[in-house]
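A.B. asks: As annotated in TrEMBL:
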DOMAIN    9-195  domain 'Trs120/TRAPPC9 N-terminal'
DOMAIN    202-267  domain 'Trs120/TRAPPC9 N-terminal'
DOMAIN    344-482  domain 'Trs120/TRAPPC9 TPR region'
DOMAIN    530-630  domain 'Trs120/TRAPPC9 first Ig-like'
DOMAIN    846-1007  domain 'Trs120/TRAPPC9 third Ig-like'
DOMAIN    1014-1159  domain 'Trs120/TRAPPC9 fourth Ig-like'
Amino acid sequence: MEPGLSIESGSAIRVAVLPVGGPIPPPRLREYAALVARHARVDLASLRTYYAEHQKSPFQHQPWETGCLRLKFVLGGCVPSPWEDFQSSRKVLAVIGICHLPSSPDLDRVAADFIDAARSYPSALANRCFAFCPTDAQLSGKKRDDIIMFPPSDQQSLELHMLTMIQDLAASLLMEFEKWVLRAESTGTILKTPLDSQSSLGSEEVIKAKKRRLGRAQKIIGDYCLLAGSPVDANAHYTTAIELTRLTGDVFWHAGALEGSVCALVVDRMGQSDPVLEDEVKYRYYTIIQLYRRATLQDNAQRVSPVSFELEAALKLARYLCRQELAKEVSDLLMGAADGAKALIDASDRLILYIEIARLFGTLGYKRKAAFFSRQVAQLYLQQDNAYAAMSAMQVLTMTTNAYHVQSRKTMKMNHDLSKSIVSLFESQWSTLQMVVLREILMSSIRAADPLSSWSAAARLLRSFYPLITPAGQSGLASSLANSADKLPTGTRCADPCLPFIRLHSFPLHPSQRDIVKRNPHKKEWWTGAGPSGPFIYTPFSKAGASGTSKQEVSWIVGEPVQVMVELANPCSFDLVVESIYLSVHSGNFDAFPVSVSLPPNTSKLVLLSGIPTKVGQISIPGCIVHCFGVITEHLFKEVDCLLLGAAQGLVLSDPFRCCGSSKFKSVNFPSISVVPPLPLLVANVVGGDGSILLYEGEIRDVLITLTNAGTMPVEEANVALLGKNQDSVISIAHSTWKSALPIKPGGEVTFAVTLRAWHLSSADLETDGSRSPANSRRIAREGINPFLDIHYAGPAASLENGDVSLPPGRRLVVPLNICVVQGMRLVRARLLSMEIPARFTETHLKPVSGKDINLLKIDPYKGSWGLRLLELELFNPTDVVFDVDVAVHLDDADVDQEVISEGDAACHKTRIDRDYSARVLIPLENFKLPVLDASFFVKESSSDEPLGSRAAAVAERNAKAELNASINNLISKIKVKWHSGRNSSGELNIKDAIQAALQASIMDILLPDPLTFSFKLAKNGTVINDDSSKDSGSVLRCKDPISAHEMTHMEVQIRNNTKEIIQMNLSISCKDVAGENCFDENSATVLWAGVLSDIHLEVPPLQEVIHPFCMYFLVPGDYSLQAASVIIDATAVLRARAKAESPDEPILCRGSPFHIRVVGTA
């Protein structure tokens, strides 16, 4: 059998193309052979120049205008067929020699070699020897008829020269065909086939042969007419041959003649689509197949069987009908031919048959059947024990990989075809068959000594079917990969990846790479509205689709390293050593850094791959470059994504990442990456550590922040803004410091101060801190509650080639102020205390009092305090530092020494509290009383039923409450508890809530003054002595001599009305000694007096004072106490409310504080 046969094959003239002379370089040989093969069709009209008719041509119907000669060039020649007499198209009718003169300078030797080569083809009717690239000496030498030289020239000239030579050759063949036909018609010839040579030539056989000779001769004449390009003449001879062979019973030659007539019919109507012609061809060819089958049955006992012609006829008809509309009929023909392969004796015939069947099934689109018969071809090749057969088997099996979806990646188009192939692989479900195909490719490539193909097959087998391969088989494939790699040169690349499986995990962008801000040249403050309001690039509360695209955009900067996180999985049972892995970038503007990884069996690992962008432009990273098992391969992320998609849909045997223990992971969309020019890079450092800034509650501290330019471009403009929560904790930022440092050169730095004040912790914060361990509760700043510095900066503008100015993007730096507020000085409790301190007359107390001597604990010695209230604060220090506590009270402006002096904070001495110690501080509340007792503080609900009256009462009540609350807040705000610790740590304790809770029950008694206040004054000779140093009615009056016994002491009592109404009262003055006895008792009086001391009726105007004078004569030296009391006549509702009277008839008594007097004796 011969490959590539068709119905038209009978009209092709076989020409052997043989290389002669010295060795020809393969590229040159291919070039020369292609130059010859271009002229496989030679028009008859072009042969008239070279054609010479010596006698009348036997081709009476030669189509000189439309006909042509068909040449079939066989490079390297072929073995003469024993069936040449049966079909003339099998003969080599011409020989062309090709010589490369630079390697064969001896022309005589070339001519001799060509003659020797042409002797192998005795059927050749014309010979030509073409010599290429002759030297000048060879061209100028004697012209030779046996060698045709092709001088060096351009391609068009060579083709024209070759066309001329081929036309000359075709004309020679045409004339030889005419001679042969004329000779055969006149003398006849004896034609035999291998079938005839095996028959015993008895008398009957000789007679039968003579009868058959004429019919066979007509058939061969028809063959030469067909070769000469005259299908009409050929058809006439074939018709005669058909009739003669039918009459003589020559079945085999009958089939051959009928087959020749079909060829002449098809050639005559070449290019015409005629259904009638098609039906005629089918009818005749089915007859031909039946005739060949009958001939086979007749000659079944012979060693040579003509079954190959039956199969060839079936293949020719199948090729003629091969189109989708007749697929069923063509498939039946091919399957019938495949069944006949068993009758073929020669293995090479079966090989050719399977090749043709596979080709036709592939043309028809039946890829699986084509792949099946291709595997049969490969099996026949593998039965031969030589490397060339193994190479052929490997190549044939490689062609089947597309049908079985195990093809090499290099045969696929990237992107679309890759994903389509992966999905087809999932849907094929041919796991066992696919493994067999890959194993056969592996075996054939090993026998063919092709290490790269064997490595590729083993890699595909291991990567795609590792779940179906035993651990021993996996180790064997790993050994095969290693052995193949040892035979390959270092750095060999393969299109098919092996292990590990690699998928894209994430893009761990540094904040400096994430916060790239585009600059608007028409906007001076380009940073406004250019970035997120927080320190993070993404917030889950942002509006979806705000960016206008679902694909994330990432900007990388030239010269700054970047990272991409990938996950590697080794699902096999052996240790996997990845010699190097790095990102695959085809754009040429990225330098990737390789890393080595070791993966134990059935494990996965996250790996950070880094690199540096080198040029401005777009970057696409389709996957990774892996050097493993001695070969470099490219692993695509998209391929693994398709694999995981198939695993999720149940189409894949196993998920390599899940079987390695990796958690379920959502695929990551690869962002759009663009590289921008070099930018400045500011790195912030909080002096003293980048951890939490530990501040005690209320502490004020300066924090130094250093900005260093770690980039290659200077910082020429910058903006520092404050964002985040608790912005009021930042008191000030030294903007002038960093502005004066601009521009910041590469490597330069600037340090500026930020003043912080710790906020007060809430009760929830205190509970949270209390639930933590002591080691962590003071050092961890809570996320989301701290302010941060939002710094936008940019470098210089870049100049373009056309003279325009390009603004490179700016950057955003977020400097979080990680403030960790902890409870420092702790207020344990606050409570209200009451004390009675009588006034004293001593030499010290009689001195004048100046405004500068006002002290927190100063009590008017001439007034005393009958119900002094003190606020006690108990403080505890739970920290590991020492606190100095100052308790200060902010006083109102006081008129002292006729000058208005604005008093600041009047404070007591500092109190130092050590670690784990507590202290108590007393704060008198006498200075906080209101000057006037107002009726608005005692508004009661109106009993009126009128709506308007109820509404007015409600408004009045609200106003009263608001005024009272304002007074309470004013009182609390005047008390400050400040602390200092160390050299620069200070703060204020939050005591507002504690004081308010402590004073809640007695706030009215603290704020509201008594309706009447009493004070005693001394006078000399009945005249009040006023000290020029004080004009206040409540100031102390000084006398020159102390109070002595047995002297008349002039005194007066001052009664002040603290209300806005006139008060009528009955005043009484009492005096008691140290034993508490009444000194005015008539029976045992120790003090004599002059004036009225009881039942004194007085009327005091609103907010004014009245004075009642009297004299006292002390008989006995000692300590005495004076006290004034009064009963208010016709008390108003305000007075009754202040006295908390329970009934309207209850008398209202006002009593002053005791006034202590020390009386000295006389000498």
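Even glycines carry a Cβ here, placed using N, Cα and C.
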A.B. asks: DSSP-wise, what's the residue breakdown of the domain 'Trs120/TRAPPC9 N-terminal' (202-267) into helix, strand and coil?
C.D. replies: 60 helix, 0 strand, 6 coil
A.B. asks: In the domain 'Trs120/TRAPPC9 TPR region' (344-482), how many residues does DSSP call helix, how many strand, and how many coil?
C.D. replies: 115 helix, 0 strand, 24 coil
A.B. asks: What are the helix, strand and coil residue counts for the domain 'Trs120/TRAPPC9 fourth Ig-like' (1014-1159) according to DSSP?
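C.D. replies: Helix, strand, coil within the domain 'Trs120/TRAPPC9 fourth Ig-like' (1014-1159): 7 helix, 73 strand, 66 coil.
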A.B. asks: Report the mean pLDDT of the predicted model across the domain 'Trs120/TRAPPC9 N-terminal' (202-267), rounded to a whole number.
C.D. replies: 87
